[in-house]
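Features of the protein shown, as given by TrEMBL:
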REGION    1-32  region 'Disordered'
COMPBIAS  8-17  compositional bias 'Basic and acidic residues'
REPEAT    34-120  repeat 'Solcar'
REPEAT    132-217  repeat 'Solcar'
REPEAT    227-315  repeat 'Solcar'
Amino acid sequence: MGNGVREGQVDFKRQDAEPVTSTHLPSEDKQEKKKVLNSLMSGALAGAVAKTAVAPLDRTKIMFQVSSKRFSAKEAYRLIYRTYLNEGFWSLWRGNSATMVRVIPYAAIQFCAHEEYKQLLGSYYGFQGKALTPFPRFIAGSLAGTTAAMLTYPLDMVRARMAVTPKEMYSNIVHVFIRISREEGLKTLYRGFTPTILGVIPYAGLSFFTYETLKKLHADHSGKSQPSPPERLLFGACAGLIGQSASYPLDVVRRRMQTAGVMGHTYSSILLTMQEIIREEGLIRGLYKGLSMNWVKGPIAVGISFTTFDLTQILLRKLQHSTNVER
């Protein structure tokens with residue numbers, strides 16, 4: 001009897017409430033929009049936190065990349081210390097405002113695009129709801145990085161200029177855009193674009209591939225669906241180490257091309273830039289200058305970035321779930 005009454009009540013509610021609940025429950029479009037918005041917000045926060053954390057090291061690395069000075073840990077320390085003495089503590093974050101203007105949309109687009117490309121490739125290869133196999137995993141990361149780089153490149157150019165010039169030359173981001181456009185032409189804002197895209201394919205592809213692979217291996221061997229925050233940091237650090245090491249020479253080339261106008265050089269193409277760097281400074285010392293600093297900076301930044309993104313995503317999902325339950 002009791003079961004019959006309960007079943008009757010459920011049936012009655014379903015019949016009466018069906019048209020109403022369909023209007024209150026979020027549609028697939030709404031859910032997709034929320035998912036995209038969550039990815040954008042999580043990606044933006046991830047990029048901002050990670051880049052701010054390593055900004056002094058990032059600026060120091062760029063200053064070595066665009067000069068012919070030989071890199072060493074001792075010289076890097078001296079440069080940081082001299083900058084602090086001559087320009088003050090906050091000068092170590094010079095160009096970070098431009099970095100934020102670039103990295104927030106870049107990271108937001110990259111992480112969001114990665115989620116969307118994973119979904120698209122999952123449907124194409126028949127892996128809906130499952131982890132992608134290695135090749136699609138690499139492709140999803142490469143496409144995400146390429147999409148973000150294409151849409152935000154001029155901001156990266158501006159950030160590089162601000163990092164290697166004194167405050168007197170460029171007072172703010174808008175001033176950089178105005179001076180470059182007036183004195184060097186709008187095309188200059190895209191100088192170094194080709195090596196950037198060529199570099200971002202292995203960098204983003206290997207970074208996302210490594211991180212996703214390590215998470216999958218962890219789930220398979222530990223039986224836990226999600227790694228802990230320290231484990232995420234470790235997986236992200238490994239991803240950053242592999243990704244940045246693979247694409248580093250192209251990173252040096254793009255920095256040289258981006259800052260050529262203020263450093264007294266004329267670099268017309270990737271190959272000519274590489275040849276000049278190798279001729280003047282050598283293969284390893286030139287094209288891999290600052291890589292050891294990147295092995296410190298890169299894993300920290302990428303580890304923080306991936307961890308912040310994942311944890312923010314989890315937090316936003318929980319908040320949305322609790323809001324829906326309350327309703």
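Backbone N, Cα and C define each Cβ position, glycine as well.
TrEMBL: automatically predicted annotations, no manual curation.
Across the repeat 'Solcar' (34-120), DSSP assigns 76 helix, 0 strand, 11 coil.
According to DSSP, the secondary structure content of the repeat 'Solcar' (132-217) in residues is 72 helix, 0 strand, 14 coil.
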